[in-house]
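To keep things clear, I will list the structure first and then write my remarks on it.
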Amino acid sequence: MPLPLWPFAALGLALVVLPVLGLFLRVEPTRLPALLLSDTALSALWLSVKTSLLSTVLSVLLGAPLAMVLARGSVPGVRVLRALVLLPLVLPPVVGGLAMLYLLGRTGPLGGPLDDLFGVTVPYTTAAVVLAQTFVAMPFLVVGLEGALRSAGGAYEKVAATLGAGPWSAFRRVTVPLLLPALGSSLVLTFARALGEFGATITFAGSLQGVTRTLPLAVYTEAQSDVDAAVAMSLLLVALALLVIVLARPKAVEGQL
Amino acid sequence: MRWISRITAAAAVLVLGASCGQGRQGADSGAEGGERELTVLAAASLTDPFEEVAARFSEQNPGVRVRFDFQGSSTLAEQIIQGRPADVFASANEKNMTKVVDADAATGKAEPFVTNRLTIAVPPGNPAGIRSLADLAAPGKAVVTCADPVPCGAATNEVEQASGVRLNPVSEENDVTSVLQKVQAGEADAGLVYVTDVRSAQGRVEGIDFPESRQALNIYPITTLQDAAQPELAAEFVRFVQGPEGREVLERAGFGAP
């Protein structure tokens, strides 16, 4: 590695690490256990883990086929389609939350009929949290899988087809195994993004302990009065994110399994 | 090897440049060609009346420009304690002001200058037929309130205790604007907000007064700050807010006398 790059790399690392270190320094060790085991923290933690898992599953179910369409499907206007799918990556999450609220809210074009016909209200529910998280996190899965599909090319599937495999059988036995490494790394990113989701959730799902107040929302609410509690919960979030990225799948983030 | 020193020098210049820029900002607000700048941090609920008060203040003090940052009082209090430079702080409750005073960030004592009380906000036409505070507790009503840690949430708590009505909100928001927004959008049947919020919504929500709100008055204190770049001007602004002109604007916005 060329020497001139080192100072920049060090500064870059400092920019990421020092604020998190500051968080650790701010906390009072004596109060930490009580703060971490408080009802507010535990219920938020449990809700966050649960909803993030659900939205990761939902992202795979919906995002993987989407990646296939973008990479392999011969659809007209695929570039526009890709831009649309990736929109949540660049949009402020609050915008996504507002958009969902106006679609699925009681007065929205979809939410209105749902409410009138079936008595189903989506906002203020845990389902709304999962939808908001999926909205912001799914693009990570789509990008990861689409990239892998493109670099793998379609050659193996073509060979499978000449050997007599139908599209479904080729998908199951050739494409899916090819995708597994990329799926691993994309899953980690998707889950981590869902875990950190804030803006879309608070706008669309609201904030109520045990129902919609995930860990990031709890941090924000606590920061209004008890900064120590907010810091403790932030640490919990940092620890959880690191656990997912470092321990759960050390190779996945490097793009290999 | 010369490369390294050049690049580190460049990086140092960048970093220093950034910090100098920040330092200069403070100096700019000093007397330069008669232009004076006052930085006022105020609770979000004071936005409209304070802008009007500032316009009148600038009229009477030519060359003075008032710069505002309107946010939740707790956010502002925390920023002040962490060293944000500003001249005046107006809080939506005494708790956050006490934090600033205890951190020795305020000069003198903080004085109450207005009060605010809660009211029920409903979408225009009141589709859910809300008449009283007790109606909010009826089953099937989507009610949105503020979360306990923020001032409007604390006031909601007091109202609940004073009235014996237990609310069962579908969401507890972090600021009163979010409550108002959800009522306005028709996503909530009702929300508890301040009287002044209904006034500033100008017909996009309807307000329903309830007698219990008088038992939970929110007191707004104001003070000049230790780090003020313009201490005399800051004191003048505080006096102006408390004076007859400030009083008149604030009362028109729905605020009560302290």
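Placement of Cβ uses the backbone N, Cα and C atoms for every residue, glycine included.
Annotated molybdate binding site per TrEMBL: B:Ser45, B:Ser73, B:Val176, B:Tyr194, in sequence order. In the three-state DSSP reading, B:Val176 (molybdate binding site) counts as helix.
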To see if you understand the setup: which same-chain residues, six or more apart in sequence, place their Cβ under 8 Å from that of B:Ser45 (molybdate binding site)?
B:Ala92, B:Asn116, B:Val176, B:Tyr194, B:Thr196, B:Asp197
Greatest CA-CA distance (Å) over the residues B:Ser45, B:Ser73, B:Val176, B:Tyr194 that the record ties to molybdate?
15
Collapsed DSSP category at B:Ser73 (molybdate binding site):
helix
